[in-house]
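Enquirer: Structure in structure tokens, see below.
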């Protein structure tokens, strides 16, 4: 059996020439040997390639590095050019042109802010000349009705028409209304003039912020927004003083004529120095389609809804009792019409006055709620704090305006300071939180006022509350400009301004009713000798020091104090509620790339 096995092949090569292969290689097939040979050849080629690469000069690496640096520099330069260029490709105005535009915007906002504060000192003279004491409420209401009812509609005008020309026409309408008021020879004409001025006012503040959005890059905008917003504080300080000078030294009519030269300067500067942005707006639509852009059905429902609400607030508790059928009917009409308006917005979508995709953005509705609450707190306090100085401290109308300066000046300073800080750090939401805390604490402290409260105390409390308002009042406007596309900024801005106005109007009336009811209650409690506590309401805040029997004066003064401090509690509560909006608002930076403006 063994003889049949093949003899083993002997090695005929010397040991030094024997191939160095693995023992298993002996059993490889011919194909496998060819594959191994091929791989060995490839490895040899690769090694040769590496050696050749390593032999190349180091200049190529430096050239590659320089290329990368050049690319980075090019991108940086492109980024810088983007921050200097608007979305329509036009460069932002700079230097003297930007300074003049900013001045014109500040003057135009100062116009409407001054108009709100200066008329208070003129009303006594107006009623004396026209014998129109029952019409006093309409001097303010006619203005407020047209302003609030048209603010959202002007947002659509700014979206689809020339921003420059809508703004110029708005100032011209306001000037016309001021002229009508200045030359009025009866109360009805004055009321008509106030309504016309209110139409123009509806578009001026929001328009100023929209023009600012096309004039200043987003990362620098907070400082300019703070400057424009501070005009309300400056006007609140100067308005009563100018009104007193005009009324006593010249004529009350100059309280309205003063608007004409200021408005003329604003019109001239915007007309010649602001480059109207080019926007792609289709003009090929039919006439019906163009009309539908402005949501005629929604507008036809929204305007009477707001008018019903404001009339109910104006008449409720004063002209008519709150349970009067007239007031109840007005409130029912408001509720029904506003529900219809919301339904129309849902159905219209992009053609609505306020497209749902805008209002449902987190930063828009949260900052809108914040703006409503802060507007309710601040605008209400501006109305009632001077009454406390007059009725409780015995100050004159002019002196009460001076005693109110700590709050108003702190609003101005904090507004400008917060704008500068946001420009530096980028984030606006922290200032909204600071606003909610400071304002709530400040108004809470104001509610502790007593007739013997010392000067340092009421100055310090006002500074705290005013600083809180100044830090946060303009930030909702920055929020909507940061999260919305530039084409949606007009609508978003109009929503914020409207809610701020509505908050002030609503809670001035709420506070008025609380004050009236509490004053009657406390007079009856503290001074039961007075047969009809309502007589004190007829006397007025500025006259109680002289018209009330000295024996009853301490009790009446205490009643006034306690009734007014209850209104301050309402303002503190609204400031506290504003922290909800501040906490929900997104933490977004204005210092990001321009593309971030379109991110939800």
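From the backbone N, Cα and C atoms, a Cβ is placed for every residue, glycine too.
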Enquirer: Between 405-424, 525-544, I'd like to know which one TrEMBL lists as transmembrane segment.
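Expert: Of the candidate stretches, TrEMBL labels 405-424 as transmembrane segment.
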Enquirer: What same-chain residues lie close to the transmembrane segment (191-216): Cβ under 8 Å, and 6 or more beyond its ends?
Expert: 86, 92-93, 98, 101-102, 105, 108-109, 111-112, 115, 135, 138-140, 142-151, 153-155, 157-158, 163-164, 166-167, 170-182, 184, 224-225, 228, 256, 270, 274, 277, 477, 481, 486, 489-490, 493-494, 497
Enquirer: Sequence-remote contacts (6 or more beyond its ends) of the transmembrane segment (494-515), Cβ cut-off under 8 Å?
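Expert: Distal contacts: 144, 147-148, 151-152, 154-155, 158, 205-206, 209, 306, 309-310, 313-314, 316-318, 322, 354, 358-359, 364, 367-369, 371-380, 383-384, 473, 476-477, 480, 563-564, 566-567, 570-571, 574.
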